[in-house]
Structures are given as structure tokens and as C-alpha cells.
Amino acid sequence: MLCLVVLLVLGCLGQDVWGCSCGRRHPQAAYCSADFVIQGRFIGKTQHKTQEQGRVKYEIKTTKIFKAPDGMDDIQFLSTPLMESMCGFEHHISNKSQTFLITGHVVNGKLEIDQCNFIVPWASLSAAQKRGFQEVYRKACSCNIVPCYSGTCSLESDSQCLWTDVLVHWQEPLNGAQSKYMACVDQGNGLCTWESQKPSAIAARNKKAISATKEE
Ligand SMILES: *[C@@H]1O[C@H](CO)[C@@H](O)[C@H](O)[C@H]1NC(C)=O
């Protein structure tokens, strides 16, 4: 019976939309696996004509680039499949002033997004996540975040952190504490552990580091 429940949960997690299935990812994992991560506004939408049928092109006003391939200093257009069943990212531009965090991939030199990417209003991110995208995640990509879908997960190497939000909040794992407030950070010796990125926790760590220096 328990097996059945686990299978059902796994099935639901994997199959977000018919024909398009995305695994859930911690924001840090989304940052690390993306080719580009930006902050920007959706300002226009056009359907590709002859060259690339079946695709939609969004015009973006990029306000910050957190990650991009070398030499790419502006990002203006993002392409996505027209059909949602092909994982196309459907965005209704209701407010061109609203800023989003957008992750995506570079395919044959072109910038692409789809439903499996992490694309959310910037204002919906927690302070810890904003800091994560701005500086923490970049330095933590040697660590691997492994989703735990059942009660019997274990780590296979020092570089891994178990992401248990999937288990606790399986419908909305991004609302879990690890997703909202934590990053999986290398402690300096290849050992990665969850570390709170809440402003209060960072202040406490800094204070501790300063007093440790004084004692030396
Ligand atoms: C549009 O977004 C901006 C920035 O998020 C906000 O200040 C403004 O109130 C929004 N306008 C409307 C009409 O929702």
C-alpha cells in the first residue's frame, strides 16, 4: 500500500503537464544547471514566422545578469515552444514593470526557456533566495542537491545535500524551508552542508567568524 502511495506521488511530481514532464528542483540546483540566469521584465511577445515555426519569442528588458555564457553581456530575446504540451512557457504580459527571475538554456547559440525552468516574479522570492541568486548559489555549484522522494534516502558523497522539501511539501516543495531559506554550501573541505541564508543567520555566522579571528 505504501509502495502504491509512493508511486502515485512520484507520478504526480514527474508529470506536471501532459506531454511535458519536469523534475522538481531546489532554486540552487535550478541556478547551477541553467546556462543563464537573469532578472528582467517581459515586454513583448511575437510568434516566429517562417524560420522557426512553432516557437514564440519573448522580448525581455534585462535588468541584471547573474549567470551567462562568456561574452554575453545583454539578453534581449528568449524563445520557447508555442505549445504548452511541448513544455512551452506561456506568459501573459499583464504588467511590463513586473520583474522576474528567469533561468534558461542556450541551444545552438539561442536562448531558450520552457516550463521546466525556474521563472518566478522577483518579488515572490525570499530574501535568502534573492541573496542566493545574487551571490551564494554561484559559489556553491560544486555541491549537489539530491531530491529525496521517500523516507529511505541516503547520501552517496560528501558533496551532496538531501532535499527533503519534496517529501514534506510534495505539492509545493518550493515552499519548504530548504528551498526558501537554505543553500547547500561547501564548508571548505569538499563537505557540503545546508546553511541558512536568513539575514539573522548570516549575521550570527559573521559575528562568530570575527570573534574567532580575535581569539587567534
Ligand atoms: C506593476 O508592477 C509594478 C512593479 O512590480 C508595481 O509597482 C505596479 O503596481 C504594478 N502595476 C499594476 C497595474 O499591477
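Using N, Cα and C of the backbone, Cβ positions are placed for all residues, glycine too.
Computed from a predicted structure; not experimentally measured.
Of the listed cysteines Cys3, Cys87, Cys116, Cys141, TrEMBL assigns the disulfide bond with Cys22 to Cys116.
Looking at Cys87, Cys153, Cys192, the record from TrEMBL puts Cys143 in a disulfide bond with Cys192. Comparing Cα positions, Cys32 (disulfide bond) lies closest to Cys143 out of the disulfide-bonded residues Cys20, Cys116, Cys143.
Over the domain 'NTR' (20-141), the average per-residue pLDDT in this prediction is 93. The domain 'NTR' (20-141): residue composition by secondary structure is 27 helix, 46 strand, 49 coil, according to DSSP. Of the candidate disulfide-bonded residues, Cys22, Cys153, Cys192, the one lying closest to Cys141 (disulfide bond) when CA atoms are compared is Cys192.
For the pair Cys116 (disulfide bond) and Cys87 (disulfide bond), the C-alpha distance works out to 7 angstrom. Counting every protein chain shown, the Cβ of Cys141 (disulfide bond) has 15 other Cβ atoms within 10 Å.
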